Amino acid sequence: SRPDAVGLLDYYLMDAASLLPVLALNVQPGDFVLDLCAAPGGKTLALLQTGLCGYLAANDVSISRTKRLHQILHSYVPKEIRETVSVTSCDGRDWEQLEGGTFHKVLVDVPCTTDRHSVMEEDNNIFHKRRTKERQMLPMLQLQLLMAGILATKPGGEVMYCTCSLSPLQNEHVIERAVEIAETQFNISTHVEDLSRFRTLFQDTFSFFSDCRLGELVLPHLAANFGPMYFCKLRR
C-alpha cells in the first residue's frame, strides 16, 4: 500500500468475509455507530467507507491495540472524516455505564479463538495448555460484551455480533443466552434478524455453513478460502 496524492494509503488488506458483518449491519445516513471491540481497525475502516456514519465511537480495551487503531485511522481516513470518530480504550463490558441506549447500530466483534490463526501459528496460540482457562472463559466474556452492546443500543436499533470462530459455544450459544438475559434481567425484547439473503448474494464468493441455527457462518473452503466468520444481527 502506497500513499496517494493527499498522503493516505490506498488499500487495507483483510479477509473478505470480515466485510459481511459491516454490510449486514446496514448503516443508514446519519446513524450513531459503536464499534465496541474495534482494534486493529479493519471493520472500523469499512464502517467509515460506507460514508453513512453520522458519528462513530471506536473502542478497544487494549491500549496498545488502540494505538494501532489510531495509526490506521490517520493512515487511511481524511481529517474531516476522522473528526466524526471518537476513539476510546475502556473495557467494553462497562460501556452501558458510559453511554447506554444512545446508538442506532452497534458492532460487537468479540475476542475469540481466531481459528484460522490458531491453526497456522504457534506463537501465543490460545489452544496451548497454558491458556486453557482463558479459552474456557471466552464464551462468558463474549456474552458480557454482547450484553453491553445490546444495552448501548437505542430501542429499535441493531446489534451485530461476530466472531472468526467455528465453535457453536462462541456463536449461536452466546446469541441464545444474550436474548434470554436481555428479556429476563433487563426486560428488553430482542429479535434475531434473518440474514439468509447473504447466502444468495454471495454464493459465488463464500462457502456458507448450511446448518447454522442463528445467523450465518462462512467456512474456509478450497475454492473460497475466506473465513471463518460468524455473524448474527439482533434488533432491540
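From the backbone N, Cα and C atoms, a Cβ is placed for every residue, glycine too.
According to TrEMBL, the domain 'SAM-dependent MTase RsmB/NOP-type' annotation covers 1-236.
The S-adenosyl-L-methionine binding site annotation in TrEMBL covers C37, A38, A39, P40, G41, G42, K43, D60, D91, D109. Counting every protein chain shown, the Cβ of G41 (S-adenosyl-L-methionine binding site) has 27 other Cβ atoms within 10 Å.
Marked as active site, nucleophile by TrEMBL: C164.
Its Cβ placed at the centre, C37 (S-adenosyl-L-methionine binding site) has 21 other Cβ atoms within 10 Å. Per-residue confidence over the domain 'SAM-dependent MTase RsmB/NOP-type' (1-236) averages 91 (mean pLDDT, predicted model). Neighbour counts were taken as the number of other C-beta atoms within 10 angstroms of each residue's C-beta; across the recorded positions A39, C164, the minimum falls on C164. It is D91, among the binding-site residues K43, D91, whose Cβ has the fewest other Cβ atoms within 10 Å in the structure shown.
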